[in-house]
Amino acid sequence: MFEHSVKVPRHYKIAANIFKKVATEGGSVKTLLYDDKLRHFRTNVLYALITETIKHASHINKIFENCKILENESRLDPWLAKILTAELLFGKKALPGKSKPEQTVLSYKDQFEKFSSEHKDDFKTEVAPRPRYVRINTNLLTTSDAIRAFQDEGYRFIRCTSGSYADYLEQIQNLKEEDFTQDYHVKTMFVFAAGTKLHEHELYLENKIILQDKATAMAVHLLAPPPGSVVLDMCAAPGMKTTQLAAFLRNNGRIYAVERNEKRYQVLCDFVHKTGSTCVEPLHKDALEIKKGDLDKVEYILLDPSCSGSGMDFCVHSYIESSRLARLTSLQEKFLKHAMNAFPNCKRIVYSTCSLYPEENERVITNVVKTSRAKWRVQDVKELLKGQWNNFGSGMYGSIGTRCLYSRPDSDFTTGFFLAVLDRDPKDMEKCLNAEKQSQKQWQAVNKGKSQKEEEINDNNNENGFPEENNESSQENGEAKPKSKKKKDKSEHIVNENIETEQNNAEAEITDEAPKKKKKKRKHDENNVDNVIEQLDDLSVECEVEVPKKKKKKKDKHTEEQTNETSMTIDTSETNGDFHEHKKKKKRNKELEHEDVEETEVKIKKKKSKKSDSQETEMDYAEDLELEVPKKKKKKKSKGD
């Protein structure tokens, strides 16, 4: 009897979900593992279980077809069934749980084993087992100390051949269980026999050794930034290549590690901290949002964008939907274009993917290099590796394709990987830097001009805020002007505007010698004076200021004396014409006052015949405010000066 209440162990369910995504959508197992909330799980156990299932996927499919387990057990999840079968036949050889799915798979165990024994030749693994690659984290441990540590545990160190790359491949194929050697290209990487278990090793738990495939390590090896360099890892999580870069620089320099995804960013930060990569600065942002001017000091860029993952885990799926492939290639081209154009000091870019599809590799490189504004040249990787490599890009994409590198599981004994090295044309780089300096100079000049204009405006505002003429007049009268009300401010503003127009007309009268024009302008001035008088009347009502009648005669005498003086000064200014502009303006203003007074007197005389009482009060208000008008007008003029 099946125990329905017993649940399937959670790590089997998680492995089944990831296996389904890899098989149907593509992508890397490691990427999907880091995207899930699996910090409390041993991800290395999950990774081993999933990769084992992927490796034997075709074998398991044929077993299921023969035994018809999926047809007979309709409620059984096919992805979970494959994970459990892989554990039963190729993993631990047993299923510990008592859940219904586990018991169902166990009931078919005899049929599985019988079919497998009858078709042994059909199920031989086409790809030879990969050796175990181990990178020494030289931030925490030297390679010599690592060799001694392994030797103390009974491992035998075999020196890497000094012959060809082909000799090296033969050497690592013949490694025995207790043997290990140094890699042919990456000298901080050791190679152990296939199946060597190091997940529980003390050095691994202390992050002194990193279980990293050689293919991914080749990206840093070919980027080769010298110590002290500024490097950008545009898609950094989980941090394998980032921490390798830190070790390559000996923690001398600066590495900007960019990751957009929140969970993967946390994984990156933890891994950087654990490995002692002190020169790494993780950035939680989208690399495409880094603009020109943000990280202009970057000299080397490592770009490993999202891809189909067709080269990983022995390629569980042999096809991919064209729409998904188109989306991926579009994103990859955006990243590469941004890397080429947004960093003026960048000398070298290494573009890599864990894909074996040319659409994500040679085509992306060809399309971007041909359309890029900056001039970049694809380096011949064969030359960089001195001819010691086997697999290169396709000739379908011309010389650009053949200059790229492929790492293939069947011949290089690594995961499937693609690499391209792009160097900026030195002349183009110099041109780009000069253009950048020129634009900075222009920007500084514009800012200088703006600041100078602002200073001039501030100086003018300061001068206008403390006019000397108003201070002098206030000192002569010995009175401080009170603050006006809002209504009075509005009315005085109207009066000042009318006075300005009258002043301009008065200036025209003085400078213009034609008598005909003077008459026309005087008529126009009379009309303006009428308007002013009406506004003064309204203003007097709004302000409600009472002026004693006794002071009227004194003010009349005072205004008559002022008008006589202004007429004298205007006559002298017409004859001499040698005064300064500032003095002329003052005299013209006084002339305007004289004309205003004359016109107001004429109006007042006309009104006397009608109402004497009202005439007296209007004269008081008009004369009183008329005397204040020049002061307001002087303020206006002083601001203009």
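Placement of Cβ uses the backbone N, Cα and C atoms for every residue, glycine included.
In the three-state DSSP assignment, the secondary structure recorded for Cys354 (active site, nucleophile) is coil. Annotation comment: TrEMBL describes Cys354 as active site, nucleophile.
In the three-state DSSP assignment, the secondary structure recorded for Asp286 (S-adenosyl-L-methionine binding site) is coil. Of all Cβ atoms in the shown protein chains, 12 besides its own fall within 10 Å of the Cβ of Asp286 (S-adenosyl-L-methionine binding site). What TrEMBL records for Glu259, Asp286, Asp304 is S-adenosyl-L-methionine binding site.
Taken from TrEMBL, the feature compositional bias 'Polar residues' covers 436-445 (among others).
The compositional bias 'Low complexity' annotation in TrEMBL covers 459-477.
Annotated compositional bias 'Acidic residues' per TrEMBL: 535-545 (among others), in sequence order.
Residues or ranges marked as compositional bias 'Polar residues' by TrEMBL: 564-576 (among others).
Look at TrEMBL and you will find 615-627 (among others) tagged as compositional bias 'Acidic residues'.
Sequence annotations record features per position, and here TrEMBL assigns compositional bias 'Basic residues' to 631-641.
Residues annotated as domain 'SAM-dependent MTase RsmB/NOP-type' in TrEMBL: 122-425.
Per TrEMBL, region 'Disordered' is recorded for 435-641.
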All chains considered, the count of other Cβ atoms within 10 Å of the Cβ of Glu259 (S-adenosyl-L-methionine binding site) is 26
Asp304 (S-adenosyl-L-methionine binding site), number of other Cβ atoms within 10 Å: 21
Taking only the CA atoms, the spacing between Glu259 (S-adenosyl-L-methionine binding site) and Cys354 (active site, nucleophile), expressed in whole angstrom, is 18
Let me know the model's mean pLDDT on the domain 'SAM-dependent MTase RsmB/NOP-type' (122-425). 93
Other C-beta atoms that fall within 10 angstroms of the C-beta of Cys354 (active site, nucleophile): 25
Determine, to the nearest whole angstrom, how far the Cα atom of Asp304 (S-adenosyl-L-methionine binding site) is from the Cα atom of Cys354 (active site, nucleophile). 8
List the residues in the vicinity of the S-adenosyl-L-methionine site, defined as same-chain residues other than Glu259, Asp286, Asp304 with C-beta within 8 angstroms of the site's C-beta centre. Asp233, Met234, Cys235, Ala236, Ala237, Val258, Arg260, Asn261, Ala287, Pro305
